[in-house]
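Student: Got a structure for you, written out below as C-alpha cells; questions coming shortly.
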C-alpha cells in the first residue's frame with residue numbers, strides 16, 4: 001500500500017492542466033485498480049471454498065466443510081464493496097460523458113470536479129468506513145466470546161479487557177485530537193488505517209498463541225504474557241480506530257459537505273448507517289462461523305478475521321486516498337501554531353460554546369439501558385433465553401437504523417439540529433421510563449419483557465440524539481479546534497462508561513441490577529436537563 005493520492009488539475013470544464021479538452025474521466029483511480037485485484041482474490045477464495053464443500057478430495061484441510069464455509073464467506077463478502085466501488089466509478093464515467101456537451105466552457109473547476117466524482121466521493125467514503133467498522137465490530141464481538149470460551153469459569157478477563165482498553169483511550173484521546181488538528185488530513189488517515197490493520201494482525205497472532213497454549217499446556221508461563229500482548233494490541237488498535245472515526249466524522253465530512261454544497265445531515269445519517277449495518281452483520285457472521293466450527297479450535301476463527309483484514313485493507317486505504325484527491329479543500333488545512341498542553345486541551349473544551357451540550361450527551365453513556373455486557377448478562381441470569389437477548393440487541397440496532405431514515409425528516413420539521421437534539425433527548429428519557437417497572441418490581445412477571453422492549457425501542461431516540469449532537473459539533477466547533485474538542489468529548493464519554501463499570505463493580509450482584517437501572521435513569525435525566533439549559537442559553541445565537 002505504498003501508493004499516494006493523486007490529483008488532476010482542472011482549469012475549466014472538460015479541460016486538463018495542459019489545455020486539451022477531455023471527453024472522459026482520467027485514468028482508473030487507485031480504488032478501481034485495487035478492486036480488480038481484490039475481486040480476483042475473492043473469486044479464488046470463494047471458488048476454492050466451494051470446491052471444499054462440493055469436492056472434498058480437492059481440499060487438503062482436515063475439517064473441509066468448515067474451511068469451505070469460511071473461504072466462501074470471506075471471498076463472497078469481499079465482492080460486495082468491490083461491486084459498489086466499481087458501480088460508482090462507471091456511474092461517474094457515464095455522468096461525465098452524458099453531460100460533457102452541456103457543461104459551459106468556463107464552468108468553475110469545483111463544478112467540473114463535482115460532476116466527475118459525485119458518486120465515487122460518497123461511495124468510496126462510506127465503503128471505507130464500512131470496512132473499518134466491519135473488522136472493528138467483528139473483533140469487538142469475537143474477543144469477549146473467545147475469552148469466555150477459553151475461561152468459562154470467570155468473567156474477570158472480560159472485565160479487565162474492557163477496563164484497560166477504556167482507561168487507555170481516556171489517556172490517549174486528547175493527544176489524538178491534537179494530532180488531528182496539527183497534521184495533514186491524509187497523513188492522519190494513513191497512519192490510522194495502516195496501524196489499525198497492523199494491530200488486528202498482531203492481536204490475532206498473539207491470540208492464536210493464547211489458544212495454542214491453552215489447548216496444549218494450560219499452565220505454561222507464556223500464556224499470560226501472550227494475553228497481555230493481546231490486550232495491548234487491542235487497546236492500541238482501538239485507539240487508531242477511534243482516530244480514524246474522529247478524523248472522518250468530525251473533520252472530513254464537514255469539508256466534503258462544504259465542497260459538494262450538500263447538507264451535513266445526509267452525510268451523517270449515511271455514515272451512521274454504515275456503522276449500524278456492520279454492527280448487525282458482523283456479529284451475525286461471526287456467530288454463524290462459531291456454529292460452523294463447533295468442536296474445532298477457535299484458531300480458525302482468528303485466522304478468518306485476519307484474512308478479512310488483509311484482503312480488505314488495500315481497498316480501505318485506496319478509497320480514502322481517492323476521496324482525499326477528489327476534494328482539494330481537504331489538503332488546505334488551517335493548523336494551530338502551538339500544540340496545547342494536556343491541561344490547555346481541557347480548558348479549550350470547557351471554554352467551547354458546545355461544552356454543556358457535549359458533556360450532557362456524554363452522560364448518556366452512563367447507562368445499562370442499552371446494548372452492553374451488563375444488561376445482556378442480567379437478562380440471561382434472570383432467565384431470558386440467550387436467543388431472545390440476541391434478538392433484542394438486533395432490534396435495537398434496527399431501531400437505530402430507522403433513526404437514520406427519520407432524522408432528515410425531523411430536521412426539516414424542527415429546522416435546526418439544536419431543536420432536534422432537545423426533542424430527541426427528552427423522547428429518549430420518556431422511552432426509558434417503563435424501566436421503572438423493573439426497579440419497583442424486579443421479580444414481576446413482565447420484568448424481562450419490559451426491559452427488553454425498553455432496550456430495543458429506546459435506541460431510535462438515542463441515535464436521533466446522537467445524530468443531532470454530531471451535527472451541532474460539526475457546525476459549532478472551529479475548524480482548527482475540531483480535533484481537540486471532539487477528542488475531549490470522546491474522552492469524557494469513555495470516562496462516563498468507566499464510571500458505569502465502577503458502579504457495576506460495587507453493585508456486582510445481579511439482584512442489584514435495578515439500582516443500576518435507577519442510576520441510568522438519573523444520568524439520562526441529567527443529560528436531558530443539560531441539553532435543555534444549553535439550548536435556552538444559545539437559542540438566539
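Here the Cβ of each residue, glycine as well, is placed from N, Cα and C on the backbone.
Automatic prediction, not curation, is the source of TrEMBL annotations.
Below are the features listed in TrEMBL for this protein:
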- 1-11: compositional bias 'Polar residues' (COMPBIAS)
- 17-26: compositional bias 'Polar residues' (COMPBIAS)
- 1-26: region 'Disordered' (REGION)
- 34-56: transmembrane segment (TRANSMEM)
- 68-91: transmembrane segment (TRANSMEM)
- 119-135: transmembrane segment (TRANSMEM)
- 155-176: transmembrane segment (TRANSMEM)
- 188-214: transmembrane segment (TRANSMEM)
- 220-240: transmembrane segment (TRANSMEM)
- 299-325: transmembrane segment (TRANSMEM)
- 346-368: transmembrane segment (TRANSMEM)
- 388-408: transmembrane segment (TRANSMEM)
- 420-443: transmembrane segment (TRANSMEM)
- 491-508: transmembrane segment (TRANSMEM)
- 514-535: transmembrane segment (TRANSMEM)
Student: Check the transmembrane segment (188-214) against each of 68-91, 119-135, 299-325, 388-408, 514-535 and return whichever range has the most CB pairs under 8 Å.
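Tutor: Looking only at 68-91, 119-135, 299-325, 388-408, 514-535, the most contacts with the transmembrane segment (188-214) come from 299-325.
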Student: Does the transmembrane segment (346-368) come close to the transmembrane segment (491-508), meaning at least 3 CB pairs under 8 Å for residues 6 or more apart?
Tutor: yes
Student: So are the transmembrane segment (68-91) and the transmembrane segment (299-325) touching or not, going by 3+ C-beta pairs under 8 A with a sequence gap of 6 or more?
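Tutor: Per Cβ check, the transmembrane segment (68-91) touches the transmembrane segment (299-325).
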